[in-house]
Amino acid sequence: MKQMNGGLLLFGILALPPIRHAFEQTMAGHMLLQIPLLVLSGVWIGRGLPPGTRKALQAMNGYGVTGLALVVITALFWMLPRHLDAALEGTAYEIGKFLSLPLLVGIPLQLSWRRLTAIGRGLVWSNLIAMLWVLSWLYLSAPVRVCNNYRIDEQALVGQILLLLGFVVATALTVRAFIPSRPSGLAARPLPPSTASALRKT
């Protein structure tokens, strides 16, 4: 419940007009701060869902695939420059952004992540890295503004940050893959003498 309250509080703060306008004044603030924070608010809300609600949602989310598909589709929608512009120019899009990112990205992500297999999680990370680099290439190579509400130098800055983020995530995953996992404490624990003696007798 505390995490749900924290998520609702974060969402309420982000929705305050001064905070909202402050983030949306720059492309980096809009795309790299406001959008991830809205997703984070949904993750926190998802952690605090009542058991009955979680069970009902998980019944429609076999192996996390349904929730993950919803996450990917919604996230890709809001990564497109034209939709960032639309959110700044139209109230309906702005409301849609504030509702869809917590409800259709944050909550499904929280419900789905632990249900994914190791291969599924690997696919998510690889697609995230690819998306960061593709968007970086788009923003750095485009000769004109792709977002009409932001300057071309802001666009280039976002492209550089996305490129760096892609390398950071890829490096972190590579390092983690080569770190040996710790042996289980249960497996490493010797058997009590009485148990070992009984096993030898049998």
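Glycine is no exception: its Cβ is also placed from the backbone N, Cα and C atoms.
Note that TrEMBL annotation is computational and uncurated.
Residues annotated as transmembrane segment in TrEMBL: 32-50, 62-80, 92-111, 123-140, 160-179.
Taking residue pairs at least 6 apart in sequence, the transmembrane segment (92-111) and the transmembrane segment (123-140) share fewer than three C-beta contacts under 8 angstroms. For the transmembrane segment (92-111), the partner stretch with the highest count of Cβ pairs under 8 angstroms, out of 32-50, 62-80, 160-179, is 32-50.
Away from its own ends, the transmembrane segment (160-179) comes close to residues 28, 32, 125, 128-129, 132-133, 135-136, 139-140 of its chain (Cβ-Cβ under 8 Å, at least six residues beyond either end).
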